[in-house]
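What TrEMBL says about this one:
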| type | residues | note |
| --- | --- | --- |
| ACT_SITE | Glu210 | active site, proton donor |
| ACT_SITE | Asp355 | active site |
| ACT_SITE | Glu459 | active site, proton donor |
| ACT_SITE | Glu478 | active site |
| BINDING | Thr564 | Ca(2+) binding site |
Amino acid sequence: MQWRSIVVALVVLRLTVSCLLWLAFGLGPSWGFNFPLNFNFNLHKIELFKQDDGESAKANSWSQRIHGHGDAQCRTSCASKEDSPKKSYLSLFEGDRDEYDRRYSSFPDTLKIKMKGMAKDMFYFGYDNYMKYAFPEDELNPIDCQGRGPDVLNPSNININDVLGNYSLTLIDTLDTLLVLGNVSEFHRAVKLVIDTVSFDKDSTVQVFEANIRILGSLISAHILLTDPKHPFGNVGLVDYDNELLHLAHDLAVRLLPAFENTSTGIPYPRVNLKSGVPPDSINETCTAGAGSLLVEFGILSRLIGDSTFEWVARRAVRALWKLRSNETGLLGNVVNIQTGQWVSKQSGLGAGMDSFYEYLLKSYILFGEKEDYRMFQASYESIQNHLRRGRESCNEGEGDPPLYVNVNMFNGQIMNTWIDSLQAFFPGLLVLNGDVEEAICLHAFYYAIWKRFGALPERYNWQLQAPDVLFYPLRPELVESTYLLYQATKNPFYLHVGMDILESLEKNAKVRCGYATLHHVVDKSKEDRMESFFLSETCKYLYLLFDDDNPLHKSENKYIFTTEGHVVPIDKRFREKQWNDLSPCEKVVPDQETSNGPFSNNSNCDRIPEERRYSLPLKSVYMRQIDHMVGLF
C-alpha cells in the first residue's frame, strides 16, 4: 500500500506544480513582471525564457496569460500539441474591429462647438465662484463655497502650506487662461487686482518649486502677453501699465533665492519663508523635479531684466543633479540630500518627483537654445528608453504588450514597484515635443483606458493588480495636456473624443455647488472640498484649446510653448540672447562641435503622421482592445 501512497503523492505534486506554473504564466497583468520570477529585459525586447539550446524565446507574458485563460485544461495536463499551428495571441483581441472605428473616426463640427462651450462654461463656473466666494484667498473650497489659505495652525501640513502662500494663488495662476478664452476685459481687471492687492512680504513658508511654476511663471507670462503685441493675442496692452507684474515676479524670485544659499551641492532647499528665508528647521532633502525644474521661469526672468543671477542658480542646480546620475544606467533618483549629494530615494521613474526635470531640459533648450540642455535631455531620454521602457518595440506593429514606463532602481534598472502615477501622463506630451509621435500615441492610449475605466486617473495605478493603489484624483491636467498636444500633432478626431470623455466625466463626477471638487475616491466618487489652482490654469485651458481650432494660439505666426503649469511663453529671439558673457564662471561646459544657437529645429527625429492616417485610428483596433483588456475594461 505504501507504493500507492507514493504514486498518489507524486500525482498531487505534479498537479500542484502544473497549477502553479499556470498561475505564474497564465494570470496577472502583462509586461512580464510576474514577481518573484527573474525575467531579463533588454531595452524594447522582452526575454522570458532561456531555451535549453541557449536561444531566447521572445514570447510575452500577455500571450501566456491568454493561453492560460483559453487553454487552461490543456496546459495542466501532459498533452503536447507541438504539431498544431500557433496562433498570434493578438488574434484574441481582434473581435469587431469596426467598434473602435465607428466610435472614434469622426467628430462633427457641431459637437466640437458644443464641447468648446462646455469647456468654457466649466472654467467660468470655477473662476466666477472663486472670485465670488474665495478671493483674495488662495483657493476655493467648492463644496462649502468658502476661501482657503495656508494652514497657520498646523505648519507641518505641507500638502496645503507648500502651495498656499496667502497671495491670491488661483487668481494669479489663471491670468493667461483668461486671454486664451478671449476675455481681454476680465484679464485687464484681474491684472489690476493683482497689482493692487498682492504682496509677497508675507510670513508664509512655501515650496520653491510650487511658487516658481504657479506664481512666478504666471506673472512672467502675463507680463509678456501685456507688453509684446506679436505674441500671440495681439495688442492687449493695459493703459498705464508700468511693468508691475515683472516687478512682482522679480520680488518673488529674490525671496526664493535664499533656498540656493548654504547648500554644499548648489541644489536648493525645498522651502523658504517669504519674509525670513530658509526656516531653521528645514530639511536637507528635496526631490529631483522640485530642485531641477526652475530653469524656464528663472531663465526668462534673467533675460527680461538683464540679471544672470536667477538663471545661474537654476542652471547650477540642474548641473549638480546631473553630476549625481548613476554611472551604470545614467538615471537619476527621486530624492537627494542637498548637503551630501547622497540619494535618499533611489527610485527612478517619470512621475512625481521627477517628471518636470526631464520636461524642462527639453523646454529650456527650445526657449534658450543652449546645447547643453539638449545634450542632457538626449542622454536622459536614452537612459529612460534603455531602463524604464517595457513592452513591444513598435507601438503600432508586432507582437507583445504596449509600451509602459516603470519605476526602477537608478543604479541597476531593476523594477522597484508595480505602480505608475497620474503625473506620468504628461510624458506622451513631452514625446510629441521631441518628435516621437508614434510612441506618444501608444502610451497615451494606456492612460486613456484607465480614465475610461474609472472616469478619472487615480493618483497611483497598480498595473500588476489592475487596480488603484492611491485612489484620489485632484483634477490633474496631465492627460488632458497630452491629449491636446497629440491632437495638434495628428489632427486625429480620436483625441477630440478623449477630450469629450474627460469633460463629461468631470461634469458628472466632480461638479459641486460652487466649482469642481477633488475626487477622494475614483471608484465611489466621494469628494474632497478642494479645487486646486491648476484646474483653472491647466485642465480647463487645455480642454478649451483642444476644441478651439481658431484660437489665436493656433493661428499666430509666432511659436510658443507651455510651462509645466500651462502658462503661455513665446519662443522669442530675445530669450536666446544673453546680456552676460559667462553664465556659470565656476564651471566649464564642454561645447558641442556645432555651437549654433539658431532657431530650434526638431526635423531630424520627428515622426510624420501620413495624411491617410488622419481619420483612421491613431492606434490599431487590435491594440486598443488589448490595452482596454489590460486595465480591466472587459
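First residue shown is number 1, and so on along the chain.
Glycine is treated like the rest: Cβ placed from N, Cα and C.
Note: TrEMBL annotation is automatic and uncurated.
Structural mapping of features recorded in TrEMBL.
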| residue | record | contacts (Cβ under 8 Å, 6+ apart) |
| --- | --- | --- |
| Glu210 | active site, proton donor | Asp162, Val163 |
| Asp355 | active site | Ala289, Leu423, Gln424, Phe426, Phe427 |
| Glu459 | active site, proton donor | Asp421, Ser422, Pro468, Val470, Leu471, Phe472, Tyr473, Pro474 |
| Glu478 | active site | Ser422, Leu423, Gln424, Ala425, Phe426, Gly429, Leu457 |
| Thr564 | Ca(2+) binding site | Ile213, Gly217, Ser293, Val296, Ser356, Glu359, Tyr360, Lys363 |
